[in-house]
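Data block below; observations after.
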Amino acid sequence: MTDTTAPLWPAPTAAAPVDATVALPGSKSITNRALVLAALADRPSLVRYPLLARDTRLMLEALRTLGAGIETEADAVRVTPGPVRGDAAVDTGLAGTVMRFVPPVAALASGDVRFDGDAQARLRPMGTVLDALRVLGVSIDDGGRGVLPFTVAGTGAVPGGDVTIDASASSQFVSGLLLSAPRYDKGVTIHHDGRPVPSQPHIDMTVAMLRERGVEVDDATANTWRVEPGAVRAVDAVVEPDLSNAAPFLAAALLTGGTVRVPRWPSATTQPGAQLRDLLARMGAGVSLDDGVLTVRGTGTVLGLDADLHDVGELTPVLAALAAVASTPSRLRGIAHLRGHETDRLAALAAEINGLGGDVTETEDGLAIRPAPLRAGVFRSYADHRMAQAGAVLGLVVPGVEVEDIATTSKTLADFPGMWSALLGAEPTA
Ligand SMILES: O=C(O)C1=C[C@@H](OP(=O)(O)O)[C@@H](O)[C@H](O)C1
Ligand SMILES: C=C(OP(=O)(O)O)C(=O)O
């Protein structure tokens with residue numbers, strides 16, 4: 001769905017190579033995991049440098065509604081766990097992490113918890129999570145539809161146990177169950193049966209964050225995860241910068257032949273955005289990491305990319321935008337599951353890049369993108385933050401691109417337009 005009443009944002013073209021240092025806010029994925037685990041923990045804790053954007057504010061509100069104490073301090077959120085409360089309503093917005101991570105928490109409530117979200121959220125796959133919770137002993141009324149809205153009927157405890165799911169449509173089905181599993185009476189063992197699970201780094205992130213809090217997790221067998229029941233230890237967490245949100249800024253360096261530096265870039269991380277180092281280098285960038293600062297330099301060449309993005313699907317929109325202005329063809333593979341993201345991202349990218357004169361075809365599991373001269377036009381964002389970012393990236397080198405609903409970027413960045421202006425304002429004035 002697209003907001004046809006939203007104003008058009010004239011995407012600025014780069015008058016010169018960019019030269020900027022971009023400090024990125026916290027990772028959406030780490031923030032929302034840290035908040036859920038803090039709400040389920042054995043005592044209060046701090047989540048430091050959290051992302052404060054729509055998806056994480058929805059998570060804060062959901063956990064507050066379910067009984068956690070939430071206090072926002074300078075650069076931190078203090079979370080005080082409490083008994084999970086029923087007779088509550090949770091707004092998921094369009095956040096996959098809220099709609100997949102919070103129902104397993106609500107299953108611990110004493111009473112009903114109703115879930116609903118944006119109109120577009122009602123299209124995102126949920127049935128696997130709901131069916132799994134039923135197998136683990138939870139009663140849920142979804143009217144037989146397997147999507148939002150639905151009601152989780154908590155009884156104050158969840159038996160837990162063994163469940164087999166098909167998580168090929170989203171790794172979040174696995175992560176959501178794992179995060180609450182230590183609080184279920186028998187813990188949880190998940191077996192995946194189906195095509196490969198996408199976004200493995202995000203599952204690794206879930207497992208690592210559980211272990212950091214003293215939870216016993218066995219992931220030694222492929223496609224099986226076992227979480228033992230037990231306390232979730234409260235830890236003060238430091239949230240890394242959101243490396244996936246680095247993508248449009250780093251892309252600007254590549255496209256304009258400029259330089260972009262991102263401080264606090266972790267040397268080791270489970271974030272999929274870490275793979276931008278390799279992916280952008282393959283597209284022609286000079287990439288270096290020194291003293292925690294990632295530097296990406298454009299060399300004046302943007303090469304096409306042939307890559308399997310199954311593990312790093314959320315990088316696709318920006319990489320597709322780069323590929324659309326590359327000098328050689330690209331194949332982006334392994335990303336059929338993007339059809340269930342904020343919007344059908346494969347259809348949306350093909351439609352919007354082609355709308356500017358591009359040459360993109362959808363394949364069964366991705367996109368084939370061939371070089372073509374692009375022209376001015378409207379780039380629709382379909383309420384998808386990363387589509388809007390892709391439009392901004394194209395606008396750097398294609399004069400006259402207007403991005404519809406740039407405000408949708410607030411899903412994971414409080415002020416993307418401001419950051420984008422600062423990026424361009426930092427051009428050397430030579
Ligand atoms: O667990 C997470 O934090 C995420 C997992 C991934 O979901 P999918 O596995 O559905 O792609 C990713 O695309 C999303 O942006 C965030
Ligand atoms: C797929 C994404 O988000 P969500 O967490 O809503 O699934 C994304 O941010 O690219």
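Glycine too: its Cβ is placed from the backbone N, Cα and C atoms.
Note that this is a predicted model, so its numbers are computed, not measured.
Residues Lys28, Ser29, Arg33, Ser170, Ser171, Gln172, Ser199, His341 are recorded by TrEMBL as 3-phosphoshikimate binders, and the candidate that the same record lists for that site, out of Glu61, Glu314, Glu362, Glu364, is Glu314. In sequence order, Gly96, Arg124, Gly313, Glu314, Asp384 are the residues of the chain that are 6 or more apart from His341 (3-phosphoshikimate binding site) and have a CB within less than 8 Å of its CB. Each residue in the domain 'Enolpyruvate transferase' (14-417) has a pLDDT score, and their mean in this model is 98. For ligand 2, the neighbouring recorded positions among Gly96, Ser171, Glu314, Arg386 are Gly96, Glu314, Arg386, by Cβ distance under 6 Å. Cα to Cα, Gln172 (phosphoenolpyruvate binding site) and Arg33 (3-phosphoshikimate binding site) are separated by 11 Å. Note on the binding-site residues Arg33, Gly96, Ser171, Gln172, Lys411: the fewest other CB atoms within 10 A surround the CB of Lys411.
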